[in-house]
Every structure is written in C-alpha cells, then in structure tokens.
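Over in TrEMBL, the protein carries these features:
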type    : residues                                                            : note
BINDING : Ile9, Gly10, Gly11, Gly12, Asn13, Met14, Ala70, Val71, Lys72, Pro73 : NADP(+) binding site
DOMAIN  : 5-97                                                                : domain 'Pyrroline-5-carboxylate reductase catalytic N-terminal'
DOMAIN  : 162-269                                                             : domain 'Pyrroline-5-carboxylate reductase dimerisation'
Amino acid sequence: MMSAQIAFIGGGNMAASLIGGLIQAGHDPKRIAVAEPNAARRDWLRAQFGVDVADHASAVLDHAQVVVPAVKPQQMHDVLSGLTLPSGCVLVSIAAGIELATLRRWLGDADIYLVRTMPNTPALLGAGIAGLYADDTVPAAARDLASYVLGAAGTCVWLDNEAQIEAVTAVSGSGPAYFFLVTEAMREVGEKLGLRADIASTLAVQTFIGAAKMAEDGLAKQIDVAQLRANVTSKGGTTEAALRHLESAGLRAIFNDAMHAAATRSRELGASLAKET
C-alpha cells in the first residue's frame, strides 16, 4: 500500500494530518499529490512534506488509486461535479453529513468505489479516530486502502451501516469539544477555589490525559470505564460527593440531549446539501 498513488483535493489541516501520518509511516511523498488553490499553502505543503502540488484538482488525479476530497461539506458538490476520476479508484469522503447516495448522484456514472468516513480533530496530532462505512459493492482491497489512509492519523473502526455515521459524529466527531468544555469548567472552578489560572489549567488537562490513558489501558484489558470510575470512588469520600452531585444534576440526560442534537444536526446538514443538483 505504501506505493499507492493518493490524491488530496484541498490541503487544509485534515489533509495535512493525513499526509504527515502517511509519510511518517513510510509512504513515498512522491506518490502523494495535493490540489490546493492557495499559493502560499501549496508552497508550505511542498516544503513541509515534499509532495507534488497543483492549483486545480484535474492535475493531481492521473493514476490516483485513492482520492480524498478534503474540503468543506458545502464545497463538495462543486468539487465533485467537475471531476473526471480514474476508473476503479477509491474516493474517501470525510465530509460531515453527506450520504453515499448523494455522493453517487453528484458523481454520475463514475466507475469508482465510495467510502464515507467521519474523522475527528485529534487526527491533527496523530491521535484521531475515524468511523468508516462502505456498502457491499466495495471490495476488501478498496476498504483496506481507505483504512490505510485514515489510519495514518489514528485509529479506524468499520461500521455496520451508514446510519451509524451520525452516531460516530455525536460520540467522536464532536466529542473533543465536550472534553474541552469540561476542562474549561474544571479550570474555572479551580480558580474560584484559589488556584492560579495556569496551575488550574495544567491540573485539569493533565487529569484528562491521565484518565484517558487509564481508560485506554482498561479498554485493552476489557475493563469497562464504569468499573474504572468505581475503582477510584471511595465510599463517603470526596469523589463520591462530586459524582453524586453530577448524577443528581442530570449529567447523563444533558449528554443524551447534546449528543442527539449533534446527530440530528448532521442529518439536517446532509439533507440540505442533498438538495443540490
């Protein structure tokens, strides 16, 4: 797979994270081409990664085995409708909300394989996770190529049906922002309790890092996070007092409503974009 010809349409942050991960894994940068309209960004991509760059998509598609349109969902229709894709290539969509049926309609009778994915922003640090879905017409070799590209920036999980992409959006796609919000709240309360802002920030962030590592270790050992929580909650202690308050304040219901709102909004965005001809 390290010899696969990969084309990115758009050279923004997500594309850069995938390109960087691919090269770090040993992929030949000369087997990666990027179409990017901004001249300064093209120069940066060339200098940073040694990849081929061009100012328009048609210049990077020759012999491409994988094509990744790394553009905003609102730009996907215009980008895809003007493309002539190599026969048999794998198009990996990272655009939120846009269903495979919509992508197929925009692409017309292109003889390609479609994979829909939902990555998240920790991919920028090589610590992302992406949910992937393809229908039964996509062979294992094409799926492996999609996993290879998305896996360059973290972990991949394959989904059973396309509707689960909306759940992935709610859990991991928007999930980093939930952690940032909770970290922000913990920092603010730490300051109210008398800590300096920098110390409160360090304590909150490092606590999340440490807890995440414990959760990751628990996942590998098949220890559920509920058990990890119980393990650090002493009866009659400070942690129990805090957790009891969070539960009684309806924390689980708040997360339920928030994550359903994210999934609903993803479907709404997809439905709106699907109306484009």
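Cβ coordinates come from backbone N, Cα and C, glycine included.
Sequence features annotated in TrEMBL and their locations in the structure.
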| residue | record | Cβ neighbours (10 Å) |
| --- | --- | --- |
| Ile9 | NADP(+) binding site | 26 |
| Gly11 | NADP(+) binding site | 24 |
| Asn13 | NADP(+) binding site | 12 |
| Ala70 | NADP(+) binding site | 24 |
| Lys72 | NADP(+) binding site | 12 |
## Note on the structure
the domain 'Pyrroline-5-carboxylate reductase dimerisation' (162-269) resolves under DSSP into 89 helix, 0 strand, 19 coil
### Query
Where does the mean pLDDT land for the domain 'Pyrroline-5-carboxylate reductase dimerisation' (162-269)?
97
### Message
If you pair up every Cα among Ile9, Gly10, Gly11, Gly12, Asn13, Met14, Ala70, Val71, Lys72, Pro73, the residues annotated as binding NADP(+), what's the maximum separation in angstrom, rounded to an integer?
### Response
15
